[in-house]
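Visitor: Please read through the structure below; I'll follow up with questions.
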Amino acid sequence: MNSGPLEFTVSANTNPATDAVRESILANPGFGKYYTDHMVSIDYTVDEGWHNAQVIPYGPIQLDPSAIVLHYGQEIFEGLKAYRWADGSIVSFRPEANAARLQSSARRLAIPELPEEVFIESLRQLIAVDEKWVPPAGGEESLYLRPFVIATEPGLGVRPSNEYRYLLIASPAGAYFKGGIKPVSVWLSHEYVRASPGGTGAAKFGGNYAASLLAQAQAAEMGCDQVVWLDAIERRYVEEMGGMNLFFVFGSGGSARLVTPELSGSLLPGITRDSLLQLATDAGFAVEERKIDVDEWQKKAGAGEITEVFACGTAAVITPVSHVKHHDGEFTIADGQPGEITMALRDTLTGIQRGTFADTHGWMARLN
């Protein structure tokens, strides 16, 4: 088995996007609509370990129709962003945390772990050839990076694959909120659950997202933007919003307290969540990780004790929650507008990511 450092080979795309096409895309990229000229591919076999590290032209991949990923969903993924700073450097936010979470997901899905140094080097290799796809500094645009691992061995037996492929693709991403931060309305899902104790909820695994689609469609039917998941046992404790972690602000000003659902094994351990817990502490706020049930949310929002609610994740960073619907009624958080603490934390985190705030925790890693 290969135990030494991987050497990447580079095969340049002979038909890349023209400067004009790329600039047109970067002017209005949306999310997940366009892709850069190249991608990274690394193979795994039991005998050779991780090997055959390549940067190749972006394009379709070949899979045997009986590949295990297509039948039993053995796959994992991550999501992170690359930002261009004013000094020309291209950076990413806590990529080592994404590498660690990919390893954690791999353990849960019986997939061999990709070493952190290989993960980080794959980001650098892709940026080296597709640097022009990173949007200019000064705005909220970024280059979204999607690393993932799929089980490629042919076979219909239900077992872990002996062959895998790590892939890294990149897609320019526009500002999540255009024309100002917009709060979202949410539907509390009592009928469906995202994950249960002992399940795959703490892994970033496609099956979790596929299983969420019906509940998300139900939320849309109820006139809501997103679904909020409750625990699988009692259907009363708040877990996540869509694929994002939730925070509740009790009180206001310097005496405010931030509460987020504790990591129970059925929640994704969000990197943005972890970072906001640190930034809130830095700002002097009390923070607490504990269970919070729906009744407490509604009663304390009605009494004015819960003053702000927001969700957090890589794509939107922070999304304010304004209105909640459920089977027995609905309620609004405060005046339904983004809260002061919500916006202050968002400004701090995005400022660190954009290089306009001091990175006192050493979270930003240069990729070029």
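Using the three backbone atoms N, Cα and C, a Cβ is placed for every residue, glycine included.
Keep in mind that what you see is a predicted model, and the values were worked out from it rather than measured.
Pasting the relevant annotations from Swiss-Prot:
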- R101, Y209, I271, T272, T314: pyridoxal 5'-phosphate binding site (BINDING)
- K204: N6-(pyridoxal phosphate)lysine (MOD_RES)
Visitor: If I take the alpha carbons of I271 (pyridoxal 5'-phosphate binding site) and K204 (N6-(pyridoxal phosphate)lysine), what is the distance between them in whole Å?
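Guide: Rounded to a whole number, the Cα-Cα distance is 12 Å.
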Visitor: Say you check the Cα of K204 (N6-(pyridoxal phosphate)lysine) against those of the binding-site residues R101, T272, T314; which is nearest?
Guide: R101
Visitor: Using a 10 Å cut-off, grab the number of neighbouring Cβ atoms around the Cβ of K204 (N6-(pyridoxal phosphate)lysine), all chains included.
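Guide: There are 24 such Cβ atoms around K204 (N6-(pyridoxal phosphate)lysine).
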Visitor: Same chain only, sequence gap of 6 or more: which residues have a CB within under 8 Å of the CB of T272 (pyridoxal 5'-phosphate binding site)?
Guide: N245, C312, G313, T314, V317, I318, L349
Visitor: Pyridoxal 5'-phosphate site residues R101, Y209, I271, T272, T314: biggest Cα-Cα distance, Å?
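Guide: Taking every pair of listed residues, the largest Cα separation comes to 19 Å.
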Visitor: Among all protein chains shown, how many Cβ atoms are found within 10 Å of the Cβ of I271 (pyridoxal 5'-phosphate binding site), not counting that one?
Guide: 24
Visitor: What's the number of neighbouring CB atoms sitting within 10 A of the CB on Y209 (pyridoxal 5'-phosphate binding site)?
Guide: 14
Visitor: By a simple count, how many Cβ atoms lie within 10 Å of the Cβ of T314 (pyridoxal 5'-phosphate binding site), its own Cβ left out?
Guide: 20
